[in-house]
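Participant: Feature table excerpt (TrEMBL):
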| type | residues | note |
| --- | --- | --- |
| TRANSMEM | A:21-45 | transmembrane segment |
| DOMAIN | A:81-271 | domain 'ABC transmembrane type-1' |
| TRANSMEM | A:85-104 | transmembrane segment |
| TRANSMEM | A:116-137 | transmembrane segment |
| TRANSMEM | A:149-170 | transmembrane segment |
| TRANSMEM | A:190-213 | transmembrane segment |
| TRANSMEM | A:249-270 | transmembrane segment |
Amino acid sequence: MAMHTEARFRRRRKFSLLDTLRFIILAVGAVAMLFPLLWMVTIALKGNNDVFKIPPEWFPRELHWSNFVTGTKEINFWQTFGNSMFIAVMCTIGQIVSSVLVGYGLARLNFPGRKLWFSLFVGSLMLPGFVGMIPLFNLYTELGWYDTWLPIIVPAFFGNATFSFLYVQYLRTISVSFDEAAKIDGASDLYILTKVLVPMTMPVIMTMVIFSFQGAWNQYLEPLIYIIDPSKWTLALAMASYKGTYATAWNLFMAADLIYILPMLLIFFFGQKYFMQGLGSLNSASLK
Amino acid sequence: MRVNNRKLRGWTKGYLFILPSIIGFSVFVAYPLLSSMYYALTEWSGYDTPQFVGFDNFKYMFTEDPAFWPSVRATLYFVLLSVPSSLILGLLLAMLLNKSLPGIKWFRTIYYLPTVVPSIASLTLWLFIYQPQYGLANSLLRLLGLPEGTWLTSEKTALPSLVLIGLWQVGSGVIIFLSGLQSVPQELYEAAEVDGAVRWRTALHITVPMITPILFLQLILGIIGAFQAFNQVQVLTGGGPNFSTSLLNFKIYNDAFGGRMFGYAIAEVWVLFVIIMIFTALTYRYSNRFVYYESDNAR
């Protein structure tokens, strides 16, 4: 009995010393991580003059929820939001469909040159993106795609090396006997892929959807180069350009910026599992 | 003959499936890469036809362009500052988070949260945070009774301020390291405990070696990514003050689309590309000996 309590005591003491320290460091760090976002929310809820008070009010005295309406009226926000949403959805569809097809081809079909293409695609991941920027700009301009969304959307339909690679790795974990069973029943490759394999690979597809959407929702350089007409702008462009316009109305800017973040936050809270799994599997896949 | 036909059909099918990526690779990777080798040797405004000028672009870049060397300096400084700091912070946080503590799931979520914020939203937020009079950064310093910081307004502090924003978004690195830590076999820790190993020795001799492959990959990707940093500069500083944040990728963008010097900008792209390749090769050469691969066990 005495020994038993001693052991328990020792274990608890071990917990309280090191782990309390751990907990405190983590908590301080967590506050630092959250603070900028919380500050953003308080600014977004402040009245026009309360933003510029010294010393600052850390909590708004009265909550101006109307900022979320006024803030979005000033800059044609909802049309821009719609543009961003359309572009992000199209890019996601394009990248998923093409990457799944390519992934299937590379993982399941046998043809000469397969290994070569596979290493070319994977190798292109190491190539910095800006290398192609100017020649492609010239190409799109000659095609008459300048000031349209085409230079952003069309490339998405021609495969994404990361996602194809991820899909190949995932398909390799699934036994070929599923394909063979369907083949004996006379199923075509497209049927096997869409009706047999896609349902089985839903977790990795969800991960790809989330990262693809996030990438498209965030992208800035391409819209900046190609889109001139403000009615075709994406939110990234609009928020970066209007930061000056809003110089005296931080509260309205922060309110609009929060709505820009909102879709990502929603995806994060409902798809957190896929974010975490995805980062893990992206990483372990690329190590092999 | 029939067999050959069937084989041929199988091959065609394979190529049909990977066709999107073949087109994508040819048009978006191979074509720009090859054509830019020529464009780098031309004078070209983007409107006219490129005029071949030999190595004039490079001569101008290395000997005359007053903004080139400051940009190289700023870029190297940025990479050397941001890559190690985010790797180390990411690894430390991952090690702290790799244990059951009350609320550990919440902590993981909170540390990942800033990386969900779109790049431009977070950068514009930080623009307000760094605002000298009403911004959060100086308000906090005043509250603690500390002297105010100069942040983006001084040559000395502008670049570190940009690095700090990157550290706020260290979360994806944390999660990647965490997934690596969780795949370290538990038996190793148990064995170490039986041998009476002290905690920090366990960390140094088991945890770190076991995740060196991940560390190495993150290092390479971090270097490639940091050399391409662009948004921060475009949104926050415009390259200033006095070129202190004029990262090469931003200078390239400016020369091409602001200065309409396409040929010159492509020459700069090649220089940056070569710098990245040298850094990647050096990292590969010098860190490979520290990387532990499980399949090497037999040796």
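Using the three backbone atoms N, Cα and C, a Cβ is placed for every residue, glycine included.
What TrEMBL says about a protein is an automatic prediction, not a curated fact.
Tell me about the surroundings of these features in the structure.
Facilitator: Remote same-chain partners of the transmembrane segment (A:116-137), defined as residues 6 or more beyond its termini with a Cβ less than 8 Å from a stretch Cβ, comprise 102, 106, 151, 159, 161-162, 164-165, 168, 221, 225-226.
Cβ atoms under 8 Å from those of the transmembrane segment (A:149-170) belong to residues 83, 86-87, 90-100, 102-104, 106-107, 118, 121-122, 124-125, 136-137, 140, 143, 201, 204-205, 207-208, 211-212, 216, 219, 222-223, 226-227, 232, 281-282, 285-286, 288 of the same chain, restricted to positions at least 6 beyond its ends.
Long-range contacts of the transmembrane segment (A:249-270) within the same chain, counting only residues at least 6 positions beyond its ends with a Cβ under 8 Å from a Cβ of the stretch, are 40-41, 43-48, 50-51, 64, 67-68, 70-72, 74-75, 77, 81, 85, 210, 213-214, 217, 235, 239, 242-243.
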